[in-house]
Amino acid sequence: AKMAAAASELLTGWCLFGLALLAILIFCWVYVRKYQSRRESEVISTITAIFALAVALISSALLPVDIFLVSYMKNQNGTFKDWADANVSRQIEDTVLYGYYTLYSIILFCVFLWIPFVYFYYEEKEEDDGNTCSQVKTALRYTLGFITVCAVLLLIGAFVPLNIPNKKNSTEWEKVKLLFEEFGSSHGLTALSFSISSLTVIGMLAAITYTAYGMSALPLNLIKGTTSAAYERLENTEDIEEVEQHLLRIKSKCRDGRPLSSRDRRTVQQLEERLRTLRRRERHLESIEKSWWTKFCEAIRPLKIVWGVFFIIVALLFTVSLFLSNLDKALHSAGFDSGFIILGTNLTNPLNMLLPVLQRVFPLDYILITTIVMYFIFTSMAGIRNMGIWFFWIRLYKIRRGKTRPQALLFLCMILLLIVLHTSYMIYSLAPQYVMYGSQKYLVQVRCNTFFKKKKILPCVSKMYYQCIVTRTYLFLHKFWFFSAAYYFGNWAFIAVFLIGLIVSCCKGKKSVIEGEVDEDDSDMSDDELSVYYR
């Protein structure tokens with residue numbers, strides 16, 4: 001009976017996860033199809049992008065399921081439910097843990113093998129079109145470097161012990177034996193944890209770059225809106241007339257047969273390129289001005305402002321919560337050697353205060369935590385879309401509606417995979433107690449007088465770990481103290497970049513209605529791709 005009840009509870013959690021999975025797959029297909037180039041689209045790259053993006057979103061959806069399952073094992077009075085004995089609880093915990101490891105193994109496969117191979121295959125296809133065998137060989141050769149890095153990370157995680165023996169008289173053979181004993185006892189899961197944690201640090205850098213900026217740019221863009229298409233057409237027409245007059249003045253110099261100077265020829269070439277770009281802008285602006293989508297966006301303009309104000313409030317709430325959480329670690333943690341881990345919460349933050357209130361009405365707290373996860377994902381997408389994909393100071397790709405190359409989509413999905421890995425720690429930083437124990441409570445006896453003891457129900461805290469069940473997410477995040485220390489400093493950098501992005505976004509004016517859609521390096525054929533969105 002206990003097993004049947006446990007299976008029923010577990011099935012409830014996984015049913016919610018299944019519904020989220022279906023919604024995620026639909027969203028991924030629509031998102032990739034919306035941004036990919038129709039002229040350069042490829043079946044393999046499209047499938048890879050959809051699959052990688054789905055894995056990223058599914059991994060983020062597992063955190064609310066983890067919190068739901070540990071919370072559902074206990075009653076509101078602090079006692080365990082009848083079916084939640086030690087063995088059943090362990091089975092549920094292991095199911096969630098192996099769910100994490102399965103998804104994280106798929107992420108390793110995507111990041112180190114599948115996405116690099118598809119990327120280099122299409123890079124080679126552009127240079128050597130027609131020889132498929134040569135393209136595959138070259139792609140495998142470059143992908144081998146990524147596989148080597150993955151193997152090194154797995155070996156480091158497998159054979160570097162977390163607990164170094166203090167025996168001074170231990171021999172080298174005993175030390176080597178300890179390495180293999182630890183590897184065997186963990187069944188290689190520590191190696192996977194180390195590899196994922198290494199990728200999480202890279203995801204932290206991507207979140208600092210893209211998510212922090214997206215949290216400031218997305219709401220302010222909604223509030224400010226875009227310039228009018230009619231006004232931009234008027235300005236563009238004036239620019240065209242100005243460029244044409246300038247060209248006529250320069251070309252008039254050679255009417256008597258004299259050749260143009262090299263400086264004038266360069267100027268004519270630049271003006272002709274500028275004129276072609278302006279005429280493309282004219283065609284796009286004309287299509288946008290006549291489209292039904294533009295009229296619909298103008299009609300819902302007040303709603304966009306409301307959403308923008310809501311998003312900026314949420315962003316400020318997250319930033320204040322993250323600041324207070326990091327300040328708490330700076331003041332009350334054991335320091336760098338412990339990864340700035342603290343037992344309990346000394347400085348509360350708005351999110352930590354809000355979640356216990358929402359716990360009283362099921363399932364408002366799970367809706368909020370799921371919304372937070374999705375908010376990080378969508379702001380990351382907005383940041384990547386606005387900034388493009390950069391390698392230090394070199395801009396590699398732009399993310400544009402209907403004109404994004406297959407390689408850029410693969411890069412986008414890889415970045416999102418890495419950011420999602422860091423999302424769990426971001427959520428833990430915002431609400432540490434909730435991510436550890438969910439809505440669990442425990443019973444404690446309080447001495448009222450010499451002869452009478454009263455039972456009191458309190459929320460679970462780190463000091464009462466023997467009465468509460470810790471989420472698998474928390475155990476995974478704090479397996480290596482040095483990664484926790486890196487995440488701590490990364491949170492400070494995240495706050496700084498958000499504030500800088502907020503100032504920059506406030507100072508910038510309205511975006512063009514065709515922002516990023518028309519560039520000088522576009523061909524005239526690209527106009528046909530974009531026009532389908534504005535009919």
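Keep in mind that glycine also has a Cβ here, set from the backbone N, Cα and C atoms.
Since the structure is predicted, the reported quantities are computational estimates derived from the model, not experimental observations.
Residues or ranges marked as coiled coil in TrEMBL: 261-288. What TrEMBL lists as transmembrane segment is 6-31, 43-63, 98-122, 142-164, 189-213, 305-324, 366-396, 408-428, 480-504.
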Rounded mean pLDDT for the residues that make up the coiled coil (261-288): 83
Stretch among 43-63, 189-213, 366-396, 408-428 sharing the most Cβ pairs under 8 Å with the transmembrane segment (98-122): 43-63
Maximum Cβ pairs under 8 Å to the transmembrane segment (43-63) - stretch from the list 189-213, 366-396, 408-428: 408-428
Other parts of the chain folded back onto the transmembrane segment (408-428), taken as Cβ under 8 Å at six or more residues beyond its ends: 32, 35-36, 45-46, 48-49, 52-53, 55-57, 59-60, 63, 104, 107, 110-111, 115, 118-119, 196, 199-200, 202-204, 206-207, 210-211, 322, 369, 372-373, 376-377, 380-381, 384, 389, 396-399, 435-436, 473-474, 476-477, 487, 490-491, 494
